[in-house]
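Q: This is the structure I want to talk about, given as structure tokens.
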Amino acid sequence: MCIVTHMRPSTLSYIAFVGFGVFWGTWGAALPGLRDAGGLTDAQLGAALLCVGVGAVPAMAFTGRAVDRFGPRMAGLALVALALTGVVLAAFARDVTTLAVGMLLIGATSGSADVAANALAGSAERVTGRRVITLAHAVFSSAVVVGSLGAGALSAATGSLVVTFVIAGSLIAASGAMVFVAGTGFHPLRGEHSAEPRRRLSAALPLLAVGVVGALGFASENAHQSWGAIFLTDELEATPLVASFAPAAFAAFAAATRFGVGLWTGIPDRVILLGGALLGVLGALLLAIAPTILVAVTGLALAAIGTSVLFPTLLSRATRDVDDGERGRATSLVGTTAYLGFVLGPVYVGFLSDALGLRGAMVGVAALCLAFAVLAPVVTRHRRPIGPPH
């Protein structure tokens, strides 16, 4: 208990992102099973996924203020709630209505965890001058690999979504409990202790603009993460176990890229944003024309390398000068806006897939990355680069 209660903020954020990543890895691998259990078409699944965003937006807005008041304990509570919600969804979602209700709850709990964990990482980044947000997202991606492969193996062995979510939920709840216990004694750095003037939240418009551009990057990233397994299943006739390698491969390359970028602060942010977006375009187009599973996974890998650093870099630049006493609300504003892309990306693919097929939908994902490449330099033009703390 003593060790848990004396963790550094950066370590605490990494633990939170472990639980968060295990959930989304499990989720990506389980989506084909959830779709089949409910007897849904691709368009119906896309509409049901929209409910994730409907649940997430108000929860994220509330969580920003709660984090400013109560600190990282909010992340712990949200992770425990997310674990329980996943089990309930797997057990009771048997048609489009019950699946939609379950996704509302998934959106609320995951949105809360997202804001709280990112605010904690941003606070640690301000103190250390390192890319803690990017590193935390690297930890997230690594956990997605574990969750995705584990869910695929459990699904193949047991054929039960409930068993899969119970085991994954145990890991998620454990990480949430650790964050809650350690976060009880954590006191964030307040602005009055710093001699450097900080940007106030009255400048909300620039944060909102960053969030809108971040939504494009998030939409591209989660489109691949959510539909990769379905692409391999429907277009290339992969088995459930092989299909689980789609989100796993995406997350593995995303993790490696985030670790590299997070540890090497010499790469300019603008290079990361432009290069990442163009790689995202290339990866999505390669996936669209992939004749084999190997080529498809290669396209997913390129897309992962490109899109994985887009939102963490934008969030880092947007909140770098914000007081910790307002960090939750700043993270909430950027994160909530960008999270709409995270949710609408899979929905976008679902509707494009019904109209053009999954391959045509991947071309649509490439267009999102291209738009990001054009707009990102505009909204980040006057942001301070990463560097040692002042």
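Just so you know, glycine gets a Cβ as well, placed from its N, Cα and C.
No curator has checked TrEMBL annotations; they are predicted automatically.
So TrEMBL says this about it:
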type: DOMAIN; residues: 1-384; note: domain 'Major facilitator superfamily (MFS) profile'
type: TRANSMEM; residues: 12-31; note: transmembrane segment
type: TRANSMEM; residues: 43-62; note: transmembrane segment
type: TRANSMEM; residues: 74-93; note: transmembrane segment
type: TRANSMEM; residues: 99-120; note: transmembrane segment
type: TRANSMEM; residues: 132-156; note: transmembrane segment
type: TRANSMEM; residues: 162-189; note: transmembrane segment
type: TRANSMEM; residues: 201-220; note: transmembrane segment
type: TRANSMEM; residues: 240-259; note: transmembrane segment
type: TRANSMEM; residues: 271-290; note: transmembrane segment
type: TRANSMEM; residues: 296-318; note: transmembrane segment
type: TRANSMEM; residues: 330-349; note: transmembrane segment
type: TRANSMEM; residues: 361-380; note: transmembrane segment
Q: Can you work out which residues elsewhere in the same chain, 6+ from the ends of the transmembrane segment (271-290), have a Cβ less than 8 Å from its Cβ atoms?
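A: 217, 220, 224, 231, 235-236, 261, 296, 298-310, 313-314, 359-360, 362-363, 365-366, 368-370, 372-373, 376-377, 380.
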Q: So, do the transmembrane segment (330-349) and the transmembrane segment (43-62) meet, by the test of 3 or more Cβ pairs under 8 Å (sequence gap 6 or more)?
A: yes
Q: Report the mean pLDDT of the predicted model across the domain 'Major facilitator superfamily (MFS) profile' (1-384), rounded to a whole number.
A: 85
